[in-house]
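Listed in Swiss-Prot for this protein:
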- 1-27: signal peptide (SIGNAL)
- 71: N-linked glycosylation site (CARBOHYD)
- 183: N-linked glycosylation site (CARBOHYD)
- 295: N-linked glycosylation site (CARBOHYD)
- 498-533: domain 'EF-hand 1' (DOMAIN)
- 543-578: domain 'EF-hand 2' (DOMAIN)
- 556, 558, 560, 562, 567: Ca(2+) 2 binding site (BINDING)
- 557-583: compositional bias 'Basic and acidic residues' (COMPBIAS)
């Protein structure tokens, strides 16, 4: 470096004797310079600022360290020196006697990227002595200078916030791990590096010695999504050594930084409740099966996945290791219908490797979750009585009963599925006959006519994992039911029962024309008469004609289209005979 060795170019000061001679010349004030009266020799440096940058954040002052290029010529245009020819910038402190006086004065007030033409009179250059073999005595010197860098040993890191998001969940602190994009330039705008060309962010710890000191300082306090301009003096960057061929010695560095995300290895899952429905009577625990919608994004807002785009909830067990640990933790304690934001550090998500092409390594993940429903495989039907006519509730529905009921069915998020009111008539069912889902069958039992209930039916007592037409798989169903009517059912296997003992000589009563045989017409007429007279009843909920036809087929043993006295036998007698045979 220039401070350590002998002079390497003509701008450096002469030996002490020559210096003392030059200092005898009275210096004139700094400025554009002026000639002596009557066209005599120049009294001061003449400065022509022929290119001034539009923005000048700082000007060269006494004691600043500068880096610049120059061409030096005589009045006739003959070149005597050039930093360009040496492919080396001048890097030196201004105003402390390291440069000829004319150059010291000519650099004062200069901006980075400014270009100046300087005319240095002999007494502010190399005087009457000159430089043997290079600069003759009393030579006026002409310099074309471009300033590329300026800094001072008192400088600190300069941070300018270009964009700061309105919501800042956390700021960078020492020991945090950050992911950021950057463009790196020298102070004159020369680019030396960028993360954007490398297909990924720059990922590192802050304050742990992994970065240059100035970047460690410049990142502190940043928010995810914030953009900063960070100007770093060389003694907080790469100093005298520079870096390879891209960062010269003693170069100030400028970084334009976009912080993508930040976390700390000690971070846990962060929860934020966005919407909590009233009346949360149950919260999810490990072992529950949950259906939820989500939007998944990186900390800078980049969306990487969404269940909404698939028009299907994400269905899984909670706390069983089927999903990333952070989501397993974040879903527990949630209510049905709740909306919450779950922020998951990478060590509880996909770690250093990331996954696929949308989640990079060491990425913090943010999930906005809407819990649709959850249940436990051991859940029974939840029954809540809404209204019950106590004064008329003498009998309740039981297995085998034939019932009429109205119902509304929806998902727990309020999505309407079915309603008996859409059909203009109550639904009918025989309890225990497996004609309705098990949970609804269970929920109807024990109801009085006129009673209203709310039933919460878990999927294993409804339509299971596969769902049904209009019903998603693994969906918990919500029913509001009202029992309209009920009839006692018949014993299993019976199509008709007598209210009292059957008539004696049953065949004679059935043989209406007394011809010794009963065709289907006579049989049907007889059974219908028993029902209309209240002496017996058919299996409820079935087509009477079909039921009577089945009864006739059972009695017509030889299938000849008529029943004889020998063929006719009551079911109770058949059951008794079967018991005897088994015995």
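Using N, Cα and C of the backbone, Cβ positions are placed for all residues, glycine too.
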Nearest recorded site to residue 562 (Ca(2+) 2 binding site) by CA-CA distance, among glycosylation sites 71, 183, 295: 295
Rounded inter-Cα distance in Å - residue 295 (N-linked glycosylation site), residue 567 (Ca(2+) 2 binding site): 72
Residues close to Ca(2+) 2 site centre defined by 556, 558, 560, 562, 567, Cβ within 8 Å: 555, 557, 559, 561, 563, 564
The one of 71, 183, 295, 558 whose CB sees the fewest other CB atoms within 10 Å, among these recorded positions: 558
Residue with minimal Cβ packing [other Cβ atoms within 10 Å] among the binding-site residues 556, 560, 567: 560
Rounded distance in angstrom between the Cα atoms of residue 558 (Ca(2+) 2 binding site) and residue 183 (N-linked glycosylation site): 97
Rounded inter-Cα distance in Å - residue 556 (Ca(2+) 2 binding site), residue 71 (N-linked glycosylation site): 125
Integer Cα-Cα distance in angstrom, residue 560 (Ca(2+) 2 binding site) to residue 183 (N-linked glycosylation site): 98
Packing count at residue 562 (Ca(2+) 2 binding site) (other Cβ atoms within 10 Å of its Cβ): 18
Local confidence of the domain 'EF-hand 2' (543-578) - pLDDT mean: 82
The domain 'EF-hand 1' (498-533): DSSP-derived helix, strand, coil residue counts: 18 helix, 3 strand, 15 coil
